[in-house]
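Feature annotation from TrEMBL assigns domain 'EamA' to 15-149, 159-291. Annotation source TrEMBL lists transmembrane segment at 49-65, 77-99, 105-125, 137-154, 160-183, 190-208, 220-240, 252-270, 276-293.
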Amino acid sequence: MTQTITTEKKGKESTGILLVLVATISLSTEAIAAKIAYREGAGVMTTLFLRYAVAAFFFWAEMIISKRPWKLSRSRITSVAALALGGQSVTVLCLFYAFKYIPAAMAILFLYVYPTIVTLLSYFLLKEPLTWRKMTALFMTLAGCTVILGQPVHGLDPRGVILALGAAVMNAIFLVGSTRLLADIPVPVYNAYMTGIVALFFLGLGSIKGALNFSLNLQAWEAVLFLGLICTVLSLAALFRGVEIIGASRAAIISTFEPVSTALLGFWLLQETLTGWQLLGGALVVTGVMLQSRE
C-alpha cells in the first residue's frame with residue numbers, strides 16, 4: 001500500500017514538472033512572436049491588450065460552455081485584481097521599459113532573480129521546505145542562466161537595473177500570491193478573471209496614451225493570436241496547474257529552463273549560433289531541473 005501511494009505521488013509530481021516545462025517552453029516563444037507583431041506594425045500596448053483579450057475570451061468561453069461555476073466573492077475579486085494589476089501588468093511594463101536602458105540579455109538575467117525571491121517567499125509565507133537539494137538546484141539554474149545570457153562588460157544604466165529587478169520582485173509576488181489564491185479558486189476561474197483584468201488595464205492605458213491601433217495586417221494578427229493562445233492560455237493553464245501540484249518555489253526553479261528553450265528556438269527558427277558557453281549554461285539549467293524532479 002505504501003509503495004502504491006509513493007508511486008502515485010511520484011507520478012503526480014512528474015505531471016506537475018511536465019506541466020511547468022510546457023508552460024516554460026510556451027513562454028520561450030513569446031519574444032519571437034512579439035518581434036513579429038512589432039515588425040508588422042502592432043505597437044506594444046496594442047499587442048499586450050490583444051494578447052490578454054484573446055486569452056480572456058478563451059478562458060471565459062470555456063467556463064460558459066462547460067457551465068463551470070465562475071462567481072467569486074468581492075474580496076476574492078479584489079485579491080485577483082491586485083495580483084493581476086500589481087503583479088502581471090507591472091512585471092510586463094517594468095521589463096519592457098528596462099529594455100530601453102539596458103541590454104535585453106541583462107534585463108532578462110535580472111528578471112531571473114525571481115526564482116530566488118519565490119523560494120524565500122514560499123519558505124516564509126507558504127511554509128514550503130527549503131532543502132539542500134532545492135538550494136543546489138536554484139544555484140545551478142541561476143548560474144546556467146548567467147552563462148547562457150552573458151554579461152556586458154560596460155556600465156549599466158541604474159534605471160534599467162532597477163526596472164528589471166522590479167519586474168523580478170513583482171513576478172515573484174505574483175507567483176506566490178497566485179499560489180495562495182489557487183487554494184480556494186479553481187485554475188480556470190482564476191485565469192479568466194486575471195487575464196480579463198489585465199486586458200482591461202492595457203485597454204485603459206493604451207486609450208489614455210493614444211497607443212492602440214487595430215488596423216493590422218494578417219501576419220500581425222497571427223502573431224497576436226499566437227501570443228494569446230500559446231504564450232498566455234496554454235502557459236498560464238499549464239503553469240498554475242503545475243504550481244498546484246509541486247509548489248511555487250519548485251515551479252520557479254524549473255521555469256529557468258526558459259532561456260535554454262529560447263536559445264534552442266533561436267537556433268532552429270532564426271539560424272542563430274549556439275556557442276559552447278550557451279551549451280554549458282543549458283547543461284547547468286537542465287541538471288538543476290532534473291534535481292528538482294527528484295525532490
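Backbone N, Cα and C define each Cβ position, glycine as well.
Any TrEMBL annotation is an automated prediction that lacks curation.
Cβ atoms under 8 Å from those of the transmembrane segment (252-270) belong to residues 17, 20-21, 23-25, 27-29, 31-32, 108, 112, 114-115, 118-119, 134, 137-138, 141-142, 144-145, 148-149, 172, 175, 239, 246, 278, 281-282, 285-286, 288-289, 292 of the same chain, restricted to positions at least 6 beyond its ends. Here the transmembrane segment (77-99) has Cβ contacts under 8 Å with residues 44, 48, 107, 110-111, 160-161, 163-164, 166-167, 170-171, 173-174, 177-178, 181, 185, 190, 193-195, 197-198, 201-202 of the same chain, all six or more residues outside its ends. Looking just at the domain 'EamA' (159-291), the mean pLDDT is 86.
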